[in-house]
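In what follows, a single structure is set out as structure tokens and then discussed.
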Amino acid sequence: MIRRRGNVEIRVYYESVRPSRSRSHLKPSDHQEFPGHHVSPGSPGFPESPGNREFHDLPENPGSRAYPGTRDPHDPHGCPGSLDPHGNPAQPAGLPSPVPYAPLGSPDPSSPRQRTYVLPRVGIHNAPASDTRAPKRANSRHRADRPPESPGSELYPLNAQALAHLQMLPADHRAFFRTVIEVSRLCALNTHDPPPPLAGARVGQEAQLVHTQWLRANRESSPLWPWRTAAMNFIAAAAPCVQTHRHMHDLLMACAFWCCLAHASTCSYAGLYSAHCQHLFRAFGCGPPVLTTSRGQGGWCN
């Protein structure tokens, strides 16, 4: 029978047991089958038996020769364990007579006490606790501010939040920066196919236009001259040769870097450019502006 209490399982076993029977009905030879049985005084295993050689080798001790079944003639009252002349146990003087015990008889199979009865055994086991945890569910919904991951998820980090970044740029840089964001979002939606063939050329043309306007307004008077010159040289060389999304990604990041140089001390994308535009940081000695050099030098088209 099994009972449960919380996480504990109690099992009750029933075992058939017969009461022990008296050995008085067994033969003398049957006593040898039970270890620890008592031997009679006349048996070879008894210490006083004539067949026990170890007993005869012991030294005589007159004070230790009072054995059960004998009586000291000098002791009128007897000693415990001695027998009287009639063969009954002797009782020392001053002690009450022992209560006689009824002899053990042979077991009666018809007696209710001798019948087989059942003893229960109880075993406590730890029942296996059921798993109450809710099954794991795949989260198929993505956060609203994070697009689903794709093989090209490490590309095109410029997202919709960059539109708010527009308000921190000078007015003559905002149109070009908006074009960079739109092309970046368009390419990020379809990274399994090659980027649009005309997108790179369009970005390159607008970059040269805005850079020419900036040169006219800030010729040799801006501390950003080396870095913007390095960025525009890279853009002019890369725009005609865009073939993969990695090429498009590098081109767009260089364009965004060119725009954000206008507020380099407060730009929130500084960490982003540190990861993707390190090749533009060492701009000292980059050479003359791109408008005075031949197109295509130093790019992927060589």
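Backbone N, Cα and C atoms are what each Cβ position is placed from, and that goes for glycine too.
Per Swiss-Prot, region 'Disordered' is recorded for 1-155. For 27-36, the entry in Swiss-Prot reads compositional bias 'Basic and acidic residues'. Taken from Swiss-Prot, the feature compositional bias 'Low complexity' applies to 40-50. Sequence annotations record features per position, and here Swiss-Prot assigns compositional bias 'Basic residues' to 135-144. As annotated by Swiss-Prot, zinc finger applies to 255-267.
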*DSSP-assigned states of the zinc finger (255-267) in counts, ordered helix, strand, coil*: 9 helix, 0 strand, 4 coil
_Taking only the residues in the zinc finger (255-267), give me the average pLDDT of this model._
89
